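Heads up, the thing below is written out as structure tokens.
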Amino acid sequence: MCCVVGDKVPADIRVTSIKSTTLRVDQSILTGESVSVIKHTDPVPDPRAVNQDKKNMLFSGTNIAAGRAIGVVVSTGVATEIGKIRNQMAATEQEKTPLQQKIDEFGQQLSKVISLICVAVWVINIGHFGDPVHGGSWVRGAIYYFKIAVALAVAAIPEGLPAVITTCLALGTRRMAKKNAIVRSLPSVETLGCTSVICSDKTGTLTTNQMSVCRMFIADKVQDSSCSLHEFTITGSTYAPEGQVLKGDKPVQCGDFDGLLELATVCAMCNDSSLDYNEAKGVYEKVGEATETALTTLVEKMNVFKSNVTNLSKVERAGYCNQVIKQLMKKEFTLEFSRDRKSMSVYCTPTQQGSQSKMFVKGAPESVIERCQYLRLGTGKVLLTTALREQLLSKIREWGTGRDTLRCLALATRDQPPRPADMDLENSPKFAEYETALTFVGCVGMLDPPRKEVVGSIQLCREAGIRVIMITGDNKGTAIAICRRIGIFDEDEDVSNRAYTGREFDDLPGDSQRDAVKRAQCFARVEPAHKSKIVGYLQSFDEITAMTGDGVNDAPALKKAEIGIAMGSGTAVAKSAAEMVLSDDNFSTIVAAVEEGRAIYNNMKQFIRYLISSNVGEVVCIFLTAILGLPEALIPVQLLWVNLVTDGLPATALGFNPPDLDIMDKPPRNAKEPLISGWLFFRYLAIGGYVGLGTVGAATWWYLFDDEGPHVSFYQLRNFMHCTGDNPIFEGVDCEVFESRYPTTMALSVLVTIEMFNALNSLSENQSLIRMPPWVNIWLLGAILLSLSLHFLILYVEPLPLIFQVTPLRWSQWIVVLKISIPVILLDEALKYMSRHHLDGDEAQKYRRRQPC
């Protein structure tokens, strides 16, 4: 099969013949490599070579970037490397999120408890089935208490919970979208909150994916057998032509150095790429190879001819300085890069008379310097001796293996090249002969720089107890260097047992692999199978893993992880397998999403606590009235109104709660931790118990103490079912008073008012109202006012009082309602104080002592 530039490879093909100078393939979709790969026909003897090292193979789905080749098809369909990834995805089962599991468990437990209480209330009152109030009919009494049991079930079930949870998650996705995190799976929003490990790709996520020249040198002068160098650093970490050239710590004018002028000329001419300003996105983008674009950007920053660029538009600024140089020289032809000589060159003629033609060369330092005979000093040159050559190579090795692990390119010229007529341009093996007798001009060191905000995000993860693991297809040295720069590793830290290549990981026995995943924070030269295996090990440790990826090769791991995070610039396959998409491809967005996930979970706990404590209060109210034999304090229609309308509005507004002040200072919660812990259950019972007692107390107060009430005794109230005209116990008491609407109205008003105060308590799980005052959530204040307005509506606007069997209250009665309701704030403040000083604080301290980072 023949493949040419622009083709998408239809199958896995073994290359047998290359019909062009070079064959470049963009296989980032499969391997994640950010630059195109040069292919050859030589055998690869290693049977365990990873796909990145199979230089004689074309893989299905990849694109031919340059050249033309013929090969033999070895695999098609699902047998190809990309087909194997599809099989891995099909074999991966999607698990329920922690939230889904907890809600299921909570629902089952709640159903059992409610059923037990309802049956207990009905059974306890069997002795009252034949009371006179039921007309002496045992069946009517049984039905009456069955209705009470149903009312109890209505009170216990938080009918508004599903709607409130969905609304809260939807609000969370909206906030995340504003932070460039687009959520595809609603329940996964909460899962982010218990993320304990983030497995992040390097290129484009932790780094900018914009190659940038950060250092360069030229020769200054030669004394004896040694050479002094002019070394420069370059600021700026993107393709934007903005930055300074520094010598030491001081900015310099590059035009003042003859050597830099020639270096800029080589960078501009020996280059097929360019910069383009994307007006829609407001950013500078590469057109062509990343390495060459970095050189183009360097020329713009150097501005060796001191052009006035201040008044240029961003579109004009993109390549202005390069064009100035290209107006002086005309590129006649290019000697393409080849694997054997590891360089490429261009033949240029001057546009002005009186100058000679030149060849400009760039390539791997060892190969280019080996073919150099001279060393450029200013406008002159000296013979490049063995000692000088070794000194230059020593500096380049220092840059390539040091803290930065820079990718270095040597730049050279041939001042008197052969005539084009004497060059065989169709015979690529001869290109090395034409690139001889070179003059070394200088060297540039570049890297894909870390994003500026990543260092702070890594530190935030450390403080939050989240482990960050870099998983990349790049080489190990570069990966470790980036880890040191962003804070995953310390500068002088021994990483021998914390960084592995895919091959080194495979060579470990099973138990050692598990141990390696426990402690490692960097995996380099990995394949898709490695990512899935790492996720599997992390899940076996009960870790909640967030995995990033952008290529088809990442899809199985994205689907397997609890949170799959695809890049906005990634493939459609990766996005479809992920739960979340980062529109800005930025690691810091993941950390912001984790913080948002924690806030959402906290808010969910708060409104669940609010709803459940209210429901517990309703259950206690009905249970007490049934056990004590008191008249009904609340009827089913009132309970439904409270649960669906009055409670639902503040519960929904609690989804707008701001994050707790210390939300990222706490360790990740255990995914298996129950939704309602023992302490939380106690708090529910304490608050709910007070709500129930307050509600029953309000109804009882009317019977015993209200100015317009019947002023019956508590004994008479408990035995109201025996109230008849001939019963001496109720002498002087009108039995119809036990059917008055005032007690139920008092009880309902206390229930609603207490729950509004309880909503304020739910602003934070542990923070006092003094530190997080009510106005931090104006939506909650609005919801409380609306809920109270609706309560006043059913009390004072006809015919609603008839429907809900309530009646308007006097001002003195509202004073009693407030006196009963306000203490719930003091009770919850006391419980919060205990949480802050005796429970959560101790757990966090224990965690920090246990975790090194």
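Cβ atoms here come from the backbone N, Cα and C positions, even for glycine.
Taken straight from TrEMBL:
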DOMAIN    6-89  domain 'P-type ATPase A'
TRANSMEM  110-130  transmembrane segment
TRANSMEM  142-171  transmembrane segment
TRANSMEM  607-628  transmembrane segment
DOMAIN    631-833  domain 'Cation-transporting P-type ATPase C-terminal'
TRANSMEM  640-659  transmembrane segment
TRANSMEM  680-704  transmembrane segment
TRANSMEM  775-797  transmembrane segment
Helix, strand and coil residues within the domain 'P-type ATPase A' (6-89) as assigned by DSSP: 19 helix, 27 strand, 38 coil
Cβ contacts the transmembrane segment (680-704)/the transmembrane segment (142-171), at least three under 8 Å, sequence gap 6 or more: no
Residue numbers, six or more beyond the limits of the transmembrane segment (142-171), whose CB comes under 8 Å of its CB atoms: 103, 110, 113-114, 117-119, 121-122, 125, 128-129, 134, 186-187, 189-190, 600, 603-604, 607-608, 611-612, 615-616, 618-619, 621-623, 626, 632, 634-636, 639-640, 643-644, 647-648, 651-652, 654-656
Cβ-Cβ under 8 Å with the transmembrane segment (775-797): same-chain residues at least 6 beyond its ends: 641, 645-647, 649-650, 652-654, 656-658, 745, 748-749, 752-753, 756, 759-760, 763, 803-804, 806-809
Spatial neighbours of the transmembrane segment (640-659) far in sequence, C-beta under 8 Å, 6+ residues away: 154-155, 157-161, 163-164, 167-168, 171-172, 595-596, 598-600, 602-604, 606-607, 610-611, 614-615, 618, 748, 751-752, 755-756, 759, 762-764, 772, 776-777, 779-780, 782-784, 786-787, 790-791, 794, 804
